[in-house]
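Some features that TrEMBL has for this protein:
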- B:27-154: domain 'Tripartite ATP-independent periplasmic transporters DctQ component' (DOMAIN)
- B:20-41: transmembrane segment (TRANSMEM)
- B:47-68: transmembrane segment (TRANSMEM)
- B:89-111: transmembrane segment (TRANSMEM)
- B:131-157: transmembrane segment (TRANSMEM)
Ligand code: NA
Ligand code: NA
């Protein structure tokens, strides 16, 4: 009876049932087998109101929506071009930097390709970069900022880890630490990608832009209201002056004032609509997080993590072997699962096991998100492939072929991040 | 009758939209107020923190309710990209029924618990009864249940909007 | 029959280890009819979530601070009256007489309990020396967010505290967002808070205690004979844990001092002012029905007797 129900749930998930319903179904099934009253689902969902950092999610997302609804992308592109256009492979580097920052600022919600891609792709092609190369670059850069503050997936990992942290004998997982830990790996990815870009275009004649100080000053001036934003967020968080949720509130208010009153690119009349649209997406994520609380409650209550560990331990002895298996598993999951789904389903299962192999929870968070970042460009469920296909009117298969070399570069970065923990941890511990 | 239903439908949409915008605005303003109080006046207000934390729950459920209007929830959705279009109505029919069932299940037990919480007379903070804050859960899941039943019926009539992931 | 107990105390602490051992003993003595399953470290949620789960029978009991059970028996808060005690001798004298009363009161309120565990005195620790109430008012004092009780106390002492979640206290101490807190030394030590302050005010602000409550609904399911076994094992366990916790609290106080915190004390006049405010705060508690006048009188009678004997 129970195995049939599990198979049915998997089948329904593959048929396209909303993930929240699947997770709730699984939790309900689990509690039912233990004879627990179903009101437990309500109690667990209400636990959503018990997190001190969760408030950052709607606020950062709202700020990201505002940024993508105004001309921030144009300003960012102009600025990075003025600053880095003179370098060899300058336009490629500009793409990488602009995408990384925009993804970080908009919280990795996937809008980068929509907002920046349409500007970057023509600019790259005009700059004599091969079209296939350009498509691959833009599509794969669309998730480059996922390890940079204030990345939403990293925030969600932190929230889940904090919820679990008390039960486990582990160092605390501060969101600030996760953001600090993400800096070097994100930089590594940018550097490796840039290196590949220069190497891949070594034969082609790519004209270099000469450095123009006036243009840089003009671009800086144009971006004057948005430039202080990273300082506000980073300064506020890393100085400890603001806790994460407060930094998010300040960011939201700051962006609101900048785009509505200073740049005047969003009218007050459009504001409620933008607020509502951003909150629909947040609602979807929060609902998944809420039902994941119920599912996690079932797992812990039934002692599943302990059983899982015993099972894995009998087959896997060394930390290295475990990490290899972890990477393979996460890459496969990233290929079929949405990033939020992967986080809420897998972190509660993997975190306790990884801890026993002596993996730092902060490092695990970076490994997790770095894997998921690659998942954005792997079929069948590659968010960026879909969005790019919709945006550039190309077939998903064509886009995948174009992104493949970039994916290889990212996998090399991933391996380095996984097996050299210091890359993530030297700023933290 | 149809006109009345239509008006009711529109009013519900307006209430949801209005509430979610209001909650988000309050969240920004209250959080900033708390920062200002702490850093410039060296104090803080007791009720802001719990109110903000509950606002997250409300935004979550209101957003989820709105997302259910056109079935814009996060999903894995492998079948619809593998199967030809003519099988899609079958998929959505089964899936809508299942989702409606799950929402009814949660709504039912949630209503029961909230009634009990009301009788139990627990306060969440500053004399605010906790059942009021929790009531968004049964309300949210009831509305979602109704919406998925409607989607199911529309599917049978061949008028259902296409299954989609939220496009960011 | 498995009794599922939740607690915020992390795995490996004296209390959790003690409970697990008691569980083994109970299983042995009841030939496996009764078992204890402990969920440590707050995995099952905070006190409120746990009590909701107890209501639906997912859990059966919890080890928590006394305040968590106050709604079942308000007078259990009598030990938490501000500045009631001068030293542990007074605590012991009061507890010798009132522990059984509290235990019985909790049981009548639906919670079968097996004795109280010492939580130690909470002391003010701060960046700048705090001797008078005015000194404390001039600090950025941290209080836990979402805690009605301490908010009330702060109001009675006319303090304007900064409310933060417990997780952000350490960073806030580092950055100076807060620079004072009141906590038992054990907490200040394990959470590293002591490392960010310079002074400890040698005035036992508040006595804290914890206890295990198993809801009677579930306890009564056991046979009378098994109930007897559970009571006997847990009562002796809790007596032992009480002594051990007291020892930990005492050595934590010494450890905090050895870490370089300077101990300061209020002058007699300043102490009188503290007591004055404490008296008013206590009167308010009585007025609001949080504590009965009868129970307060009883406390004061025991204390008077104890102080006379000195
Ligand atoms: Na923790
Ligand atoms: Na993918």
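A Cβ is built for glycine as well, from the same backbone N, Cα and C atoms used for every other residue.
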Point to revise | Beyond the flanks of the transmembrane segment (B:89-111) by at least 6 residues, Cβ under 8 Å | key: 71, 79-80, 83, 134, 137-138, 141-142, 144-145, 148-149, 151-152, 155-156, 158, 160, 163
Exercise for review: Go through the chain and flag residues at least 6 beyond the ends of the transmembrane segment (B:20-41) whose CB is under 8 A from any CB in it; none is fine as an answer.
Suggested key: 48-49, 51-52, 55, 58-59, 62-63, 66
Exercise for review: Determine how many residues of the domain 'Tripartite ATP-independent periplasmic transporters DctQ component' (B:27-154) DSSP places in helix, in strand and in coil.
Suggested key: 101 helix, 6 strand, 21 coil
Point to revise | Per-region confidence, the domain 'Tripartite ATP-independent periplasmic transporters DctQ component' (B:27-154) (mean pLDDT, whole number) | key: 89
